[in-house]
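Down below is the structure, laid out as structure tokens.
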Amino acid sequence: MTSASSSAVLPAYRVHSSSVHGNGVFAERDIEPGERIIEYAGREISWDEAQRRAEVSGAPHNHTFFFSLANGNVVDGGDHGNEARFINHSCEPNCEAIEEEDGRIFIYALHAIKQDEELNYSYPLIYEGRHTPAIKKAFACRCGAPTCSGTMLAPKPRKRKPRAQPQLPVEPIPGAAAARHPEPVAAH
Ligand SMILES: [Zn+2]
């Protein structure tokens, strides 16, 4: 479906503090089912570069700004990213992230969203290291959904799905004093 009006309408979202965590992204107006809301912007970097950046930052929370792409690269929402990086996780999301054929990631409405509703999507984090109690605590989910799984960590995957999905590095996270969700680190 094409939408000639998509660039003409008001922005569908705004950022302000969330009761779930830190900043969140909220519907500025009613949003149609299937509407493309915002690009998950950021610089496309290699996985090696993503690992290097993670080590430099010294904290795991940055990693949730990383979205893996089908081509093996990563979009770093903390580098030339936009408001999309503030979208919180929910176990019952109203949005989803889809990687398009050109490798760009967009956030779409899964169903109709009312004005002022918080936007969220499910981003089970792939963490291939041991899911220790500290790791589980660091990535506990408090989305409040009746079906909340209590964690943002994906079960150990048997195979990768070819869809946009944030990843954590394979190394154990040092310290484990991490926030469960990215705090905004730098505007640009
Ligand atoms: Zn949850």
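Yeah, the Cβs are placed from backbone N, Cα and C, and that goes for glycine too.
Here TrEMBL flags 176-188 as compositional bias 'Low complexity'.
Feature annotation from TrEMBL assigns domain 'SET' to 11-124. The average pLDDT for the domain 'SET' (11-124) in the predicted structure is 89.
Per TrEMBL, the feature domain 'Post-SET' maps to 137-153. Across the domain 'Post-SET' (137-153), DSSP helix (H, G, I), strand (E, B) and coil residues number 2 helix, 3 strand, 12 coil.
Residues or ranges marked as region 'Disordered' by TrEMBL: 152-188.
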